[in-house]
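Visitor: Supplied in structure tokens, the structure appears directly below.
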Amino acid sequence: MAGTVFAYGQTASGKTYAQPGVIPRAVSDVFNYIREDHHGREYLLRVSYLEIYNERIRDLLGEDPNANQPEIHEDSKRGVYVKGLNETIVTTPEQVMQIIKKGEGSRKVSATEYNKRSSRSHTMFQLVIESKSKDAYPVDRAAVQVSQLNLIDLAGSEKVTKDFERQKEGGYINKSLLTLGTVISKLTSGQTTTHIPFRDSKLTRILQTALSGNARISIICTVNPTRSSKEESLSTLRFAERAKLVKTAAKMTKITEHSELQNCLKKIEELQTKMQEKTEASYIITPNTNQVINMCW
């Protein structure tokens, strides 16, 4: 099961002010739920952070976001996912927020006609939650429930600017947002045979599983009240109207092999076995001196 939250709207319409409130509360709720879980389950949480800049995926948690090229893959169990991202196992909300802060430092931001520091890319922070019953054995065959929370910060749509670099970035941003709007429109058209252009942008391709219905989605639409932004505000409101019609039916995802939780628990079992064998061996190698003498005689 997946949950996806993103903000949509024109540059300088207030999206940035929505995200700082949503992210820490969402992360805090996840950890509170785990602490209050009395059903005897074991959990493993891991996070990744990417951005889509000029239709290129950059790993914001890598030492050099430009060093590798994460690629979009799809399989029957995981759906659409990005392969090659750095993932970090986390144990506290504070650790999650530190990782987000680290990733923010690698984002593409620049001054525009609207903001001194404007996002020039779309970002996706993903928190994956794996859990299993403590009584389920063997650990490498036990069913593991997998859930994920996607927190998405969309770059704002904007008008044409004179600056060449900002114009290039704006072109990619507007194209991907237009594709997102088209996908939403097609999904709510009621025509089952309609082709859905998920592959027309990296953004919609990554969001394909969520937009196709296997997720709970929350969209925050922001508008700028100034008269000069009237057209952009109307466009955002039309997008919101269409998005409300998208139907979702999120299902619980379970896997029985190759989960990160299974791998960690298996390693723990192996280490515990080795420690026990080492402890038993130490008793055989270093027995009581009197016993050794008696044995020799």
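Any Cβ shown, glycine's included, is placed from N, Cα and C.
A TrEMBL annotation is a machine prediction, not a hand-curated record.
Per TrEMBL, the features are:
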- G9, Q10, T11, A12, S13, G14, K15, T16: ATP binding site (BINDING)
- 1-246: domain 'Kinesin motor' (DOMAIN)
Visitor: Whose Cβ, among the binding-site residues G9, G14, has more other Cβ atoms within 10 Å than any of the rest?
Guide: G9
Visitor: Using the recorded ATP site (G9, Q10, T11, A12, S13, G14, K15, T16) as reference, state which further residues of the same chain have their Cβ within 8 Å of the centre of those residues' Cβ atoms, listed in sequence order.
Guide: A7, G156, T222, N224
Visitor: Just going by other Cβ atoms within 10 Å, which of the binding-site residues T11, S13, T16 has the emptiest spot?
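Guide: Output over binding-site residues T11, S13, T16: least Cβ neighbours within 10 Å is T16.
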Visitor: Let's check the environment of A12 (ATP binding site): how many other CB atoms sit within 10 Å of its CB?
Guide: 19
